Amino acid sequence: MDEQAELGRYDRGLEILRRLAGEDEPAVTRDFTDIAPDLGRLTVEFPYGDVYHRSELDLRERQLATIGGLAALGYALPQLRFHIAGALNIGCSRREIVEAIMHLASYTGFPAVLNAITVAKDVFASRDDDEPGYADAAPEPEGSRYERGWKALAEIDGHAGEAVIENLQSIAPDLGRYIIEFAFGDLYVRGGLDLRSREIVTIAACTALGSALPQLKVHIHGLLNVGGTREEVVETILQMAVYAGFPAALNAMNAAKEVFADRD
Amino acid sequence: MDEQAELGRYDRGLEILRRLAGEDEPAVTRDFTDIAPDLGRLTVEFPYGDVYHRSELDLRERQLATIGGLAALGYALPQLRFHIAGALNIGCSRREIVEAIMHLASYTGFPAVLNAITVAKDVFASRDDDEPGYADAAPEPEGSRYERGWKALAEIDGHAGEAVIENLQSIAPDLGRYIIEFAFGDLYVRGGLDLRSREIVTIAACTALGSALPQLKVHIHGLLNVGGTREEVVETILQMAVYAGFPAALNAMNAAKEVFADRD
Amino acid sequence: MDEQAELGRYDRGLEILRRLAGEDEPAVTRDFTDIAPDLGRLTVEFPYGDVYHRSELDLRERQLATIGGLAALGYALPQLRFHIAGALNIGCSRREIVEAIMHLASYTGFPAVLNAITVAKDVFASRDDDEPGYADAAPEPEGSRYERGWKALAEIDGHAGEAVIENLQSIAPDLGRYIIEFAFGDLYVRGGLDLRSREIVTIAACTALGSALPQLKVHIHGLLNVGGTREEVVETILQMAVYAGFPAALNAMNAAKEVFADRD
C-alpha cells in the first residue's frame, strides 16, 4: 500500500462521489475544512474510495441499500436527501426510490417512512427534469391480501418466514396475520421494484436498525431465495459499516454467518 | 376477505384518523398523492383500519402508548406532534400527556424527553382552548425518595425489579440506588397518570427502543402486577408494529411469551 | 436523606449546570415551567446533582462521554449543541471535541458524525473567542495504514480486538481490513485526543447505541488496556443513564461485569 495506492483511494472515491453529487466539489469536501480539515478526505476515502468502488453490488443497488439504511436510522435525513438525489443522478427511477422507502414500513414502522418520503418529495420537486412524479397508483394485485401474502412469504422467506408466523400462534396470531397481509400481501407484491432489490433494502434496513437481528436472518434467507448471492448479502452488510458503523455491520455479519451455515 | 371488507378497512380507519386529526382530510391522505399515491391509503388501512380499531385497548391508552413509542424513537417528532394533538382531541388531558413524557426519562434518557416536551409545549400553545397549562407542581410525596422508591419498585415490578437492583450490587450499587430514587421515588409515585397507564407507556417505549428487552420483561411483569392483563401487554406491543416496525414488535412479543411462561 | 440533603442535590446540580451553560438561569430551568413545572428541577437534580457531581470522572471526561453518547443517539442535536458549548465552557479544546466526534465514525457511521460536526461548527462560529478553528490537518502518521492500524488494534483492544478480525476471515475479510485501516490506522492514531479519552468516548457511544454490546465489551477491555480503571468504565456507563436511559446503562453494566470477570 504505497503512496500511489493511497492517492488512488481518494481519487477514485471522489470520482464516484461527484457522480452521486452531480457537482465537481461535493459539499462534504469543503464544508468542514475550517474545523475538521481531514474529515472531507476521510469521508471520500473509506466510504467511496474503498466501499462504493467494490464490484459485488452495482451503484444502483448500493444507492437503494443506502436509502434503506439511512431511512431506518431515522435521524439521517440530510444524508438521505443527498443519497436520494444521488440515486436519481446515477439512474434510479423515482418509482424505485418511492417503492424502496414504502417497503420499509414493515421494518421501521410508518414514522421513518413518512419522514423519508417527505424528503423524497422535496428532492423530486427541486429537480427540473421531466420524469413523471409516479404515474398512477399500482393496480390492486389479484387474490385476497391474506392469500397472496402467504404465497409471497412462503416463496420469499421460506421456512424461516413461516416459522415466524407459527411462533406467534400461541400469543398474537393477529400480528402474524398483519405480517402476511400488510408486509407481504400489500408491500412485497407491489410492482416497481424487483424482489431482489426489495431484499437488499430490507437487509440494509435491518442491519442499520441494530436490534432486528432475528428478522435480518429471515431476510438473508430471503435474498438468497429470490436469486441473490452470498456475496451480495455480505456486500450489503459491509456497506452499512459506512452508514451505521462497524458494530452494526459486525453483528449483522455474524447473523449472515449463521444463515450460511444453516444452509450448508 | 371480499371487496366489501377491504373497503371497510379504509373507511373505519379514516373514521378514527379523522377523530385524531380533528379534520376531515388528514394530511397523510393528501400530502403524498403526487409521488406515492398508495401511501395514504396504506397508512389509513393498516394502522387505523386494522390496529387502532381493535378493542383490547381504548383510544386514550393507544394514544399514550403511541406517545411513549414515538418519543422513544427520538427522530419521530412530526408524528409525535400529530399524536399529542390527537391525544388531546380524543380526551387525554395535558397533564396526562406531560406525565407520560416525563415518565420516559428513566427509559430513554433526558434528551428524548426534552425534545418531546418541547413538541408538547408547541402543540399546547397552538390550541385556543381554556385547559390550564398544568396547574401547580406536584406536591413532594411522603417519605424519603429511597424509601418510597423501594416500596414502589417492589409493588410494581416485584421480584423482577428487585433482581435488577440485586444484580448491580457487585458492580454499580449507585446505579441501583438511582433507579430506586429517580425512576421510582421521583417518577412512578407522581400523580396525574395512573400506574397502569405508566406501564403501558413503558412497554411501548421499551418495545420501540428495540435494545431494551430485559427491561421490557420487567415491565411486562409490572403491567400485570398493577392490574393490567396479558391482552393489554400483547396489544401494546402489537400497536408498536405500526410505529417501530414488525421486528421490534416480534422481539417484544417473544419477551412477553417468556414472561407469561414464567408466571404460569 | 432529610430536607437539607434534598436541597443540596438541586443546589450542587445547578452549580455544575451553570458552569456548563455559561449563564445563571440555564434554559432547562425556565423553558417548561408552564407545562411541566417539575421537569426543570428533576433535570437539575438527577443528572447534575447526582451524576455529574461524582468524582470518578472529571468534568472534561464527562463532557467528552456526553458528546459521544449524544452523537451516537443521532436525534439529540439540541442537547449536543448545549454540551459542545458546555465542553468549551469548562475547558475542552475545539480540537478535542472535533476529534471525539470524528472518532465516532467507526461506531455510528458517517451520518451521525457529519450531523454532529455540523452542530460543532455552528457552536464554534457563535463564539467570539480567539481559539483557532483547528489549525492544520494532522500530519499523516508513519507506516502503512494497515501496519499502523494492526499495531494500534493489538495494543488497544488486545486479544478481544484480534478475535473480531479473526472471526471475519471466513465471511468478510475485507471488513476486518477496513476496521484495521480506517478505525485504527486512520482514526485511533490521530493526535489531538489521548487514547484513554478515545476509549471513554467509544464506551459512551456503544452504550448509547444499545445494540453494540459485543463491541462495547471489546472497548471496555480497550479502556482498561490503555490505563483506564474499572471505576472509569462503570462511571462512563452510569453517565449514559442520563442520556440514553436506564435500560441502555443496565445492559452495558452487564457487559462490563462479564469483561471484569474475564480479566480476573
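Any Cβ shown, glycine's included, is placed from N, Cα and C.
Here TrEMBL flags C:37-122, C:173-258 as domain 'Carboxymuconolactone decarboxylase-like'.
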Can you break down the domain 'Carboxymuconolactone decarboxylase-like' (C:37-122) into helix, strand and coil residue counts using DSSP?
68 helix, 0 strand, 18 coil
Per-region confidence, the domain 'Carboxymuconolactone decarboxylase-like' (C:173-258) (mean pLDDT, whole number)
97
Helix, strand and coil counts within the domain 'Carboxymuconolactone decarboxylase-like' (C:173-258) (DSSP):
72 helix, 0 strand, 14 coil
